[in-house]
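Notes to accompany the following structure.
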Amino acid sequence: MWVKTILLFLTVNLSSGLEFDPMKAMELLNELIAHPREVIEQLEKYKTSDLIAALGIHSFSNYSISEECHEELSFLGYGMIDVARHVKHHTTKAPSTMSDQERREYLIPMMDAAGKIGSGIARGHLLSTGAFTECKTVNIFSTSLNRTIQGDYYRILFDIKMQPNSFNGSCQLPQIGVDICLPYSCRNEDLTDYFRAAVGVSKELSPVCSVRNVNGRIPKVTTGTYVVLTALSLIVLVFIISGTIDYYYQNRRSKLDLKREELSSRVGWKVFMAFSFYRNIKEIFNMEQCNKKGQVTSLNCIRTISTVWVILGHCAAIFILVCSNPADLLDFTKTYMGTLMANAYFAVDTFFFISAFLLSFLWFKTLGKQRKAVLSAGGWIMFYVHRIARLSPVYYVTIIFFTFVYTRMMRDMPLFMSPAMQDDTCRDNYWLNLLYIDNLVDPGKICYVISWYLATDLQLYIMSPLILLSFAIGGSFIGLLVAMLVFSASTAFNAYQMLFWHFPPTQFDLGPKDPKYDPQARRYDQWNYYNPLIRCQIYIMGLVLGYFMRKTPKLNINPWLDRVMWIFSLSSMVFVVFIIQDYTSGHLWSPIQNVLYSCFSRVLWGIALSWIVISTYYQKGLINDFMSLPFWTPLARLSFCAYLIHIMVMGYFFGKNHSELYFSTLSYFFLDTVIPVTTISFVIAIFWSAMFEIPFAKIEGLIFGGAGRRQKSSLPEKKIETPTEDVDVLKIPIEFPDVKNVRF
């Protein structure tokens, strides 16, 4: 029963980063749960002590293994055989192949560090984890081999049904893993064929699927790695030096006015000081103008909560993958809080809504002041240039850092030995991210699993002038008409795909599927979840709301209507999030149910968000006071960078854990996992934003805004804001040592 959602969170947000069919995984795990005894009996035949002993009696002549690896494997295997003889015959004679020191400091730790088949197999405990640290600390000089020998961490993966690897359908995921400590000299060798033959009748009739080294899948350091590290080091150096100088100037202003005036008049000096850590971090936490008239301050709260919701869902996804009792965690998913995490997709819809709303709200503000300039060819060029220039630097730094540096840092992390973890795809596909087309081209091998959102958001931004111009030129009626036509076309296209391709109602991969659904013919994520033609529904709602709120600076709302709409909005949100629990619990929905949920759940969510924004903007009250508290502002400013880096934080957080993880209670999961990951992500985001986001936003302002002011050009001073941008950073005065109130 629990297996129907066994990898729930894993596929909720990370499905494009895995190499297995989740429905087949469910089927295999169901068989395991139905017949755990048979699997356990098969596993008992492959104890780690027997695996090690096999090293001493099996010939290596047929395998391309280095002589050094061959000698150390044989040495380890014969040592294990001697120990077995010693135990069997109750003799006190020491093993003949090893000295006492070698047995004490090499053989015993290697045996002890190996994983042992434990309890809980029927609850999803498929991995027998070894003692990683004990294995890696094995390091002695062997008098028998006349060289230093070390231990290294490996994992032997078995077919979950313990059937031969050559059988049709064998070795699919999930697999059963047994960790073992083997010689370090074998780290670059492929031991799969050897172990298949050693523990089976033959290579083809062995249940061994593969053998993996803890660092075997880590990409090698390349020239690109050194180039990226050098470039980032230079930025960090400038960040520190400029911040130190800025701090010095700010505190010795009276003595240096003349010199500062001379320096600050130079563009190079302004660019240099744009990287000041002192100024940038100070600006992040500046809350002096948090509740300035005309600002939609409740968006800071909404954006922060949505970011935390995304991190929460991803934490659960990774935890499901690595914990030793997934069945217990799956029991939790049957609760309301579990469904809330399982259906975290609406956090993404919230981002799309805020992106469109801010775009429309600010664009029409600029249109009212500089209509001719905004609608000119130059205005539209800046419309796109500003967006790409504002969004790309910190995003590009993240992608390049992840591709060339981060993936090389994942050493000594047993987590990444999992067969479900995808090999390095960034090496070949990172350029798709840089072009913002990774959601459309080869999404099954996406480089950075969360980057599809940025691509889809930019594509929606590119199409937004269709709606904006309809309102700007044709007025409210024509604008609404065009918006409704596009909205209806998107809804109809969604319904067509759902019925014709038999898509599931949501991205949740482990719910029951229509037998006619063929992911090989058309993938749901690529054609529906990532598709801007489908996701434009809620984006259009944000554009329309932004227009009408800019057109209506004041609005008196009847208190009773306000209360009724709040009840309706919150009820709608609860409804669309929790109704899916019936589907995720294993009940197959009819095609009509699938269509209705896929086409209209986001509409209800958008209506609810619209009223929250309207009410908190026009009405005063307790809710508005809470959502407008100043502390939301710096968190919202950091939300984009926190979103970008939280996947790397989670990978490092879980990867450095060398012991088994267990889910016990929700409160412990929050305290031990969710809160630390969220906190670390936002803390790192402070420096990530101060080094890579704010400086380039300032430089972009100097290039475009500065030129426009000097020439009094007709090009408008753009302040387009999106949910992936900092709502307030673009409005903060950039105060260089003697340049006051420069805004861009």
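Placed from the backbone N, Cα and C atoms, the Cβ positions cover glycine too.
Positions annotated as signal peptide by TrEMBL: 1-17.
According to DSSP, the secondary structure content of the domain 'Nose resistant-to-fluoxetine protein N-terminal' (66-211) in residues is 55 helix, 30 strand, 61 coil. Positions annotated as domain 'Nose resistant-to-fluoxetine protein N-terminal' by TrEMBL: 66-211.
Positions annotated as transmembrane segment by TrEMBL: 226-249 (among others).
Annotation comment: TrEMBL describes 301-322 (among others) as transmembrane segment.
A Cβ distance under 8 Å defines the sequence-distant neighbours of the transmembrane segment (342-364), meaning residues of its chain 6+ beyond its ends; these are 5, 8-9, 12-13, 296, 299, 302-303, 306-307, 309-310, 312-313, 333, 374, 453, 456-457, 460-461, 464, 467-468, 471-472, 506-508, 529, 535, 538-547, 549-551, 573, 576-578, 580-581, 584, 602, 605-606, 609-610, 613, 719-724, 727. The transmembrane segment annotation in TrEMBL covers 342-364 (among others).
What TrEMBL lists as transmembrane segment is 393-410 (among others).
Residues annotated as transmembrane segment in TrEMBL: 466-493 (among others). Panel annotation: around the transmembrane segment (466-493), residues 359-360, 363-364, 367, 375, 533-534, 536-537, 540-541, 543-544, 547-548, 551, 599-600 of the same chain, lying at least six beyond its termini, place a Cβ under 8 Å from a Cβ of the stretch.
Away from its own ends, the transmembrane segment (529-548) comes close to residues 345, 349, 352-364, 439-440, 443, 452, 455-456, 459-460, 463-464, 467-468, 471, 476, 479-480, 483, 486-487, 490-491, 493-494, 497, 507, 602-603, 605-607, 609-610, 613-614 of its chain (Cβ-Cβ under 8 Å, at least six residues beyond either end). Among the features that TrEMBL reports, transmembrane segment is placed at 529-548 (among others).
According to TrEMBL, the feature transmembrane segment maps to 560-580 (among others).
For 595-614 (among others), the entry in TrEMBL reads transmembrane segment. Tertiary proximity for the transmembrane segment (595-614) is limited to same-chain residues at least six positions away from its ends with a CB under 8 Å from its CB atoms, namely 296, 298-299, 302, 346, 349-350, 353, 357, 491, 494-495, 498-499, 503, 505-506, 528, 537-538, 541-542, 545, 549, 555, 557, 565-566, 568-570, 572-573, 575-576, 579-580, 589.
Annotation source TrEMBL lists transmembrane segment at 635-654 (among others).
Annotated transmembrane segment per TrEMBL: 666-688 (among others), in sequence order. Within the same chain, residues 277, 281, 284, 308, 311-312, 315-316, 319, 332, 337, 394, 398, 635, 638-639, 641-642, 644-646, 649-650, 653 sit at least 6 positions outside the transmembrane segment (666-688) and bring their C-beta atoms closer than 8 Å to a C-beta of that stretch.
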Need a quick answer: max count of Cβ pairs under 8 Å to the transmembrane segment (393-410), which of 226-249, 560-580, 635-654 is it? 635-654
